[in-house]
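Encoded as structure tokens, the structure appears first; notes follow it.
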Amino acid sequence: MTATVLEGKVFAAEIKKSVHKDVEKFIESQGIIPGLAVIIVGENAASKVYVANKHKACEELGIYSEVICMPASTTKQELLEQIRILNESTTIHGILLQLPLPDALKHDEAELLKAIHPDKDVDGFHPVNVGKLAIGQEHLVPCTPAGCIKILELANVEIAGKHAVIIGRSNIVGKPMANLLLSRHATVTICHSRTANLPSITSQADILIVAIGKAHFVTKDMVKPGAVVIDVGINRLADKKLVGDVNFEDVKEVAGAITPVPGGVGLLTIAMLLSNTVKAAQLQCHKEHK
Ligand code: NDP
């Protein structure tokens, strides 16, 4: 058996098409354009590429996009002031603080993320949005796990009643992923670096989500035949090649369906950011009219 390959570009195109329609509807009904501001601090080359891609994707779908580049020497106060201005702006509906921050600001990350208004928090990292997700009131949900759910839904993978195993418990992927699957009635197991006998757990998964950051970590002996495997990992090998956390060639022999890296989950992340931006704009207009 060879797994069905779940191509990110197919799902991302579908989401973008629907977001584009929502943007047009929003502009028509409200007379304003949804707006996203991305703040980037310092000179991280990978971050600059991500931010440029986000800007381009916004332009394609008719979303107003502002990229605010601040020098690595920016202080916490200056950044808080910038966030305050964007929180009060009527043209900006979504605010994203590009991570990682320069070393000098790393220990302020939680405070800075908390300064973004929860209704403009398109990354879904604000404690209010984290809490809402945990109690089943999805508001603005982190883009990568939201993208994984979209892949499962658009590929018609049944979630309710299935055993979903997640490897990784980070705040940006593993934990929100667990809550999203739980609220869709999966039975959820979360594994991490202290999990004992990992393969005995992963091989029970109907849906296996892998987000650890270790190249080719998951091999076919860890996967139940027919399982749906979603690979979130992005790892660069010594030869510069990008690979996932799953050994794709090996696992595709036993899995029922599998996402590739590159060309899988990563493409959904930006699509979900655009979706969150329109959702944020809708939420803010709805509140204004109440
Ligand atoms: P983190 O480093 O924050 O978390 C990694 C998690 O994996 C931790 O919970 C850690 O456990 C667990 N882990 C590490 N080693 C093992 C092991 N040997 N066995 C079991 N669990 C292990 O990573 P992120 O969640 O931020 O990202 C994970 C991967 O996803 C990375 O490759 C990242 O680049 C990628 N990513 C991709 C995105 C996309 O758009 N496609 C977006 C975000 C991330 P513990 O908690 O015990 O340390």
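Each Cβ is built from the backbone N, Cα and C atoms, and glycine gets one as well.
TrEMBL: automatically predicted annotations, no manual curation.
Sequence annotations record features per position, and here TrEMBL assigns NADP(+) binding site to Gly168, Arg169, Ser170, Ile234. Less than 8 angstroms from the CB of Ser170 (NADP(+) binding site) sit Ala211, each of them six or more residues away in the same chain.
Taken from TrEMBL, the feature domain 'Tetrahydrofolate dehydrogenase/cyclohydrolase catalytic' applies to 6-123. Mean model confidence of the domain 'Tetrahydrofolate dehydrogenase/cyclohydrolase catalytic' (6-123) amounts to 97 (pLDDT, 0 to 100 scale).
Annotation source TrEMBL lists domain 'Tetrahydrofolate dehydrogenase/cyclohydrolase NAD(P)-binding' at 142-284.
The number of other Cβ atoms within 10 Å of the Cβ belonging to Ile234 (NADP(+) binding site), over all protein chains shown, comes to 18.
Taking every pair among Gly168, Arg169, Ser170, Ile234, the residues recorded as binding NADP(+), the greatest CA to CA distance is 16 Å. Counting only same-chain residues at least 6 apart in sequence, those with a Cβ under 8 Å from the Cβ of Arg169 (NADP(+) binding site) are Lys175, Ala178, Ile190, Cys191, His192. Of all Cβ atoms in the protein chains displayed, 23 besides its own lie within 10 Å of the Cβ of Gly168 (NADP(+) binding site).
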